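Shown next, in structure tokens, is the structure this report addresses.
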Amino acid sequence: MRLSALALTVTLAAGAALAHEGVQNPAVMERMDLMKGIGAETRALGEMVQGKTAFDPVRAAEARAALTEAAARIPSLFEARETDPKSEALPAVWEDWTGFVAQAEAMEAAARDLQTGSAQALRNSFADLGQSCRACHEDYRLDD
Ligand code: HEC
């Protein structure tokens, strides 16, 4: 896959810890935590794809399962229009709810389609997952 896109996905997965500080609204915290978990699993896979860590089919399969499950939870955790000064969710999430849910479903499909049997197979299937993050963030998350 294109290395720049991969690097971007890994950076995106890594960059978020600070965004959490000072969040008041527990519902916003919960959806941020979901994304943070998604970020951590994606990073684990991205590092295997990049060769920063050794390919581990068991860990990769765990990440695939966690990402598939997490993607399925996105709609329920974002549905209520909860706000917080620290939130990076754009109003478009609720103004275009159908489109937002479609992006969550696209991520769920990409996660389910991850191939974790070999490093090469993982590499080939990882691009679609990264694309699903970027597509949603572009329209529904601040600064992306
Ligand atoms: C359906 C839309 C959608 C998809 C798909 C999606 N995200 Fe997000 N993500 C968001 C929104 C919206 C926020 C901002 C939430 C907030 O601040 O209230 C966010 C926030 C984040 C954050 C910051 C969390 C924090 O600590 O505040 C990370 C990290 C993240 N996403 C990673 C990912 C990765 C990696 C993927 C792909 C595997 C992904 N996201 C897929 C919508 C999505």
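Glycine too: its Cβ is placed from the backbone N, Cα and C atoms.
Given the structure is predicted, the values throughout are model-derived calculations rather than measurements.
Annotation comment: TrEMBL describes C133, C136, H137 as heme c binding site. C133 (heme c binding site) falls within a helical segment according to DSSP. Here the Cβ of C133 (heme c binding site) has 23 other Cβ atoms within 10 Å, regardless of which shown protein chain they belong to.
The signal peptide annotation in TrEMBL covers 1-19.
Take the binding-site residues C136, H137: by the count of other Cβ atoms within 10 Å of each Cβ, the lowest one is H137.
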